[in-house]
Amino acid sequence: MGNNVVVLGTQWGDEGKGKIVDLLTERAKYVVRYQGGHNAGHTLVINGEKTVLHLIPSGILRDNVTSIIGNGVVLSPAALMKEMKELEDRGIPVRERLLLSEACPLILDYHVALDVAREKARGAKAIGTTGRGIGPAYEDKVARRGLRVGDLFDKATFAEKLKEVLEYHNFQLVNFYKVEAVDYQKVLDDVMAIADVLTSMVVDVSDLLDQARKRGDFIMFEGAQGTLLDIDHGTYPYVTSSNTTAGGVATGSGIGPRYVDYVLGIIKAYSTRVGAGPFPTELFDDIGEFLCKKGNEFGATTGRRRRTGWLDAVAVRRAVQINSLSGFCLTKLDVLDGLEEVKICVAYRMPDGREVTTTPMAADDWEGIEPIYETMPGWSESTFGVKERSGLPQAALNYIKRIEEVTGVPIDIISTGPDRTETMILRDPFDA
């Protein structure tokens with residue numbers, strides 16, 4: 001039996017992690033975010049009511065769950081307070097259910113200003129960030145000049161540190177990017193107004209998780225974005241600024257790596273990507289448009305239209321390697337309903353004619369890749385809301401089986417709709 005389960009994306013994000021975390025937290029005591037920031041967009045549908053979470057873990061809707069934001073997360077105080085208010089207005093007692101690590105780096109106004117200015121300066125070469133200050137906040141962390149939640153306990157020292165770091169960043173903004181400086185007093189006043197709320201939720205996350213583990217409590221670690229956006233293993237530089245892979249769980253929460261029992265990879269039945277970067281199976285035809293519209297492929301955070309394409313098993317196999325996946329959860333199978341045929345990319349043809357079954361590491365090496373497909377019959381029957389494997393069309397079952405064969409990983413959960421009830425749990429990760 002596995003007490004500690006990781007849920008992460010195996011593609012370029014937007015795989016449907018939030019719903020699955022919410023579903024599985026029925027048995028969890030703790031849900032932990034360990035990387036990313038409010039650039040994530042996790043959509044939950046419960047009894048027809050939609051909730052979109054960006055920063056707060058998806059376990060927050062459960063009264064039996066304590067939600068934790070770990071040290072690997074860059075935390076925007078403004079975004080957190082906005083999200084807390086939205087939930088509290090619906091009667092959810094967020095402050096009773098949410099805890100923070102004091103080591104979370106803070107995202108402040110100057111990080112957002114830098115993010116936006118840089119993307120604008122890149123012009124046609126823009127990475128396609130969410131413009132929410134994520135990258136600049138991680139830069140400050142690595143440069144050891146970042147402000148953290150724990151700094152708010154000493155407000156006078158915080159003010160001094162803020163003045164120093166803001167002078168540094170305003171020099172860049174004014175002299176290099178030719179934009180207005182960020183006002184020191186406004187940033188300070190905004191943070192001080194909510195400092196006590198933030199510090200009241202601070203705990204020693206590593207110790208809390210270790211004590212929970214020793215008691216045998218079930219813990220779930222909720223990933224954001226996807227494996228192929230990992231800062232080290234993704235399609236660099238078209239990546240996010242954190243480790244979205246299983247390795248980020250230990251460093252981003254403080255739990256020991258040996259205590260992770262099961263890693264669940266969320267895999268969409270087709271591929272999507274937001275922003276710039278390599279995407280070998282991208283479709284520019286009517287099928288691509290069909291997938292976008294039927295799958296409602298618009299970002300929960302930015303509203304941007306997602307690029308769509310066939311399932312890329314080559315890219316997913318890289319995610320299997322990096323994350324040592326225990327099993328898959330297949331999502332959005334119902335979006336493929338009605339297609340005469342479905343395709344899986346099983347290899348790449350490189351510009352020099354070679355066939356390869358692993359992904360390149362550098363973004364430039366993806367140029368000119370041609371996907372090699374296996375084509376399978378589609379199905380006309382609806383899979384939407386089907387809750388038993390026996391209720392799926394044979395062609396859909398064949399597609400599922402082939403995914404398992406080409407990736408070497410079993411599909412333990414199948415999602416056939418946005419509601420938590422529209423799910424088949426073939427093997428519960430907490431029982432694996």
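Just so you know, glycine gets a Cβ as well, placed from its N, Cα and C.
Between the candidates Arg90, Arg95, Arg304, Swiss-Prot assigns the IMP site shared with Asp14, Glu15, Gly16, Lys17, Asn39, Ala40, Gly41, His42, Thr130, Arg144, Gln225, Thr240 to Arg304. Gly303 (substrate binding site) counts 8 other C-beta atoms within 10 Å of its own C-beta, drawing on all protein chains shown. A Cα-Cα distance of 12 Å separates Arg304 (IMP binding site) from Asp14 (active site, proton acceptor).
Gln225 (IMP binding site) counts 28 other C-beta atoms within 10 Å of its own C-beta, drawing on all protein chains shown. When Cβ atoms from all protein chains are considered, those within 10 Å of Arg306 (substrate binding site) total 19, not counting its own. Considering only the binding-site residues Asn39, Gly41, Gln225, Arg306, Gly13 (GTP binding site) has Gln225 as its nearest partner by CA-CA distance. Between the CA atoms of Leu333 (GTP binding site) and Arg306 (substrate binding site) there is a gap of 17 Å, rounded to the nearest whole number.
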